[in-house]
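According to Swiss-Prot:
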{"type": "BINDING", "residues": "D24, F25, N26, R40, H63, F64, G65, R66, R122, R155", "note": "substrate binding site"}
{"type": "BINDING", "residues": "K206, G297, E328, G357, G358, D359, S360", "note": "ATP binding site"}
Amino acid sequence: MAKRSLSNLSVEDLCGKRVLVRVDFNVPLNEEGSITDDTRIRAALPTIQHLIEKEARVILSAHFGRPKGKVNEDMRLTPVSQRLSELLGKTVVKTESCIGPDAEKKVHEMSNGDVVLLENVRFIGEEEKNDSEFAKKLASLAEVYVNDAFGAAHRAHASTEGVTNYLSPSVAGYLMEKELKYLQGAIDSPQRPLAAIVGGSKVSSKIGVLESLIDKCDKVLIGGGMIFTFYKARGLSVGKSLVEDDKLDLARALEKKAKEKGVQLLLPSDVVLADNFSPDASSQMVQIDSIPEGWMGLDIGKESVKLFQDALADCKTVIWNGPMGVFEFDKFANGTNSISTTLAELSAKGCCTIIGGGDSVAAVEKAGLASKMSHISTGGGASLELLEGKVLPGVAALDDEI
């Protein structure tokens, strides 16, 4: 069922109203406490700016880190409020706590178009327990609820799910709407052929995604460390490469399922090996049936890159989740960088390219190609769960489209 979004609300719905907006401001900080990547803050700007223009009173709720229900001075949202003030060109008032007298006072003093950022919602232990009393207190600060935190939508927490019981309307923000349009759209009604590229180190973390994508895709391309579990399941020697021995039967079952469904499941034909796990390790490129003892695979080989490029050439929709190798080490980044370049080229030809969260986003950004993709997801776990076909509590709780 489609969800109501901010675009469905009129000026009358928003002007002068106190609007609680759940955002994802869980940004990386360096040792000095400065933000090193403000992508998530920028991603929320369209929703915040729209509410300011419509003269709403904007109350932002966010989490940062994992303080485990206690105040942690290193996890306060002060750097976020400062950066947001710069981006908006106006003062963002931060509260001492997300509920209580200080929050109530600062919200009460708001004028139309003002922005208040509530302190880290996870400083309160009841947030992650989705406690109804805490949700009620948080909701009492506002009249309207907007969820724009796709990255936290897979959590049934008080600020993502509980507050919707006390606030109406409860709608999706622009970022949430865009995420659902691309990710849900790619799963439910894609332009075909639809391909998924799944990487990363472990089969175990992508079981649900692989099973779901084999059901929905025309082609599934597998890279990253998980390929060695598939190779070992085929009886090949994999040297010191990462293998999940308890997932060998699963790997066989996934290959069997793809074959039965007529889905093209592609594994690399060659790999780049290292003699140890380090950026300056000795390396060699070999066919997958020629991996010597004492060596480990850290990237897909050049032949495999060409194999994958050929498979993707006619695709109209491509979802990518997980790198092809240890792209953090330049010597083992070619597979991942080549896929980034290929997807950028496909985008230019009209293919819908979706980067489904996590390390693949970092890889595309490192390659300087993020702007060339159709959609870069801001959610790691949320993207995975949506691709698995799971219901996201933070989305399910929003009002259905009328």
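Cβ coordinates come from backbone N, Cα and C, glycine included.
Overlay of Swiss-Prot feature records on the structure.
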residue: N26; record: substrate binding site; Cβ neighbours (10 Å): 19
residue: H63; record: substrate binding site; Cβ neighbours (10 Å): 27
residue: G65; record: substrate binding site; Cβ neighbours (10 Å): 13
residue: R122; record: substrate binding site; Cβ neighbours (10 Å): 23
residue: K206; record: ATP binding site; Cβ neighbours (10 Å): 23
residue: G297; record: ATP binding site; Cβ neighbours (10 Å): 28
residue: E328; record: ATP binding site; Cβ neighbours (10 Å): 14
residue: G358; record: ATP binding site; Cβ neighbours (10 Å): 20
residue: D359; record: ATP binding site; Cβ neighbours (10 Å): 19
residue: S360; record: ATP binding site; Cβ neighbours (10 Å): 31
**Asked** What does DSSP call G65 (substrate binding site) in the simple three-state scheme?
**Response** coil
**Prompt:** Where the distance is taken from Cα to Cα, which of the binding-site residues K206, G297, D359, S360 turns out closest to H63 (substrate binding site)?
**Reply:** D359
**Prompt:** Max Cα-Cα distance in Å among D24, F25, N26, R40, H63, F64, G65, R66, R122, R155, the residues listed as binding substrate?
**Reply:** 18
**Message:** Please report the distance from the Cα of G297 (ATP binding site) to the Cα of D24 (substrate binding site), rounded to the nearest angstrom.
**Reply:** 35
